[in-house]
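Chemist: Please find one structure pasted underneath; my questions will follow.
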């Protein structure tokens with residue numbers, strides 16, 4: 001049994017198998033999962049688990065070189081705007097695309113992690129980096 005950090009076995013397996021430039025999506029409860037892309041469904045109740053908790057747990061485990069968010073966050077999701085600013089300040093490239101384009105890019109992900117988040121546009125694509 002793991003002592004700390006991310007405990008979800010399937011999510012740990014996906015992260016450990018990712019290579020440089022692979023992508024992992026963390027999405028809200030309403031984000032459609034493209035056909036053929038595995039879904040790690042964590043949603044239990046509306047809002048549980050929330051996006052932030054899942055994001056922070058995954059971000060602590062995965063080498064991330066950039067993220068992609070929907071440009072619509074500026075009008076509809078101030079918490080995600082703050083997160084994007086923090087990541088940018090940490091030196092990550094923060095790419096913005098339309099929500100429609102983000103959904104299309106999700107088709108290339110190794111998996112989509114579905115949270116119980118119910119705030120609008122609470123979706124991010126994590127682009128794996130390297131640890132060396």
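Our numbering is plain: 1 for the first residue shown, then up by one each step along the chain.
Backbone N, Cα and C define each Cβ position, glycine as well.
Nobody curates TrEMBL annotations by hand; they come from automatic prediction.
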Chemist: From 74, 99, grab the residue that TrEMBL records in the same substrate site as 28, 121, 122, 123.
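Modeler: For substrate, TrEMBL names 28, 121, 122, 123; of 74, 99, the listed one is 99.
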Chemist: What residue among the recorded positions 20, 99 has the most other CB atoms lying within 10 A of its CB?
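Modeler: Ranked by Cβ atoms within 10 Å, first place goes to 99.
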Chemist: According to DSSP, does residue 99 (substrate binding site) fall in a helix, a strand, or coil?
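Modeler: Its secondary structure by DSSP: helix.
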